[in-house]
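Below: one structure, written as structure tokens.
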Amino acid sequence: CYFQNCPRGXXXAMSDLELRQCLPCGPGGKGRCFGPSICCGDELGCFMGTAEALRCQEENYLPSPCQSGQKPCGSGGRCAAAGICCNDESCVTEPECREGASFPRRA
């Protein structure tokens, strides 16, 4: 299930380390599911509500929580592709997610 909408109480308090990446999707499996109808990848950009994202509905039936993307962004989202931030329902453009910004820089 997607981390944001897993059934409450089904799992004990989980640390981020226990979250797996959501299902692969898109051409050649190069994308990751970010929500039931969202498939994104660095090389692909994002597919929303298209055939490439159909597989992402399967994630709703898996019991363990997942979260795709490395860097948090926006309101409860993760960087999904260059310049794009997605949560499990939608995506927005996000300069923080541009290439080269994917890893927090240590001062």
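Including glycine, each Cβ sits where the backbone N, Cα and C put it.
As annotated in Swiss-Prot, glycine amide applies, among G9, G69, G74, to G9. Considering only the disulfide-bonded residues C39, C46, the Cβ with the fewest other Cβ atoms within 10 Å is that of C46. Each of the disulfide-bonded residues C22, C40, C91 was ranked by the number of other C-beta atoms within 10 Å, and first place falls to C40. For C33 (disulfide bond), the same-chain residues that are 6 or more apart in sequence and have a Cβ closer than 8 Å to its Cβ are Y2, C22, L23, P24, C25, C39, A53, R55, C56, E59, C66, S68. Comparing C6 (disulfide bond) with C97 (disulfide bond), their Cα atoms are 25 Å apart once rounded.
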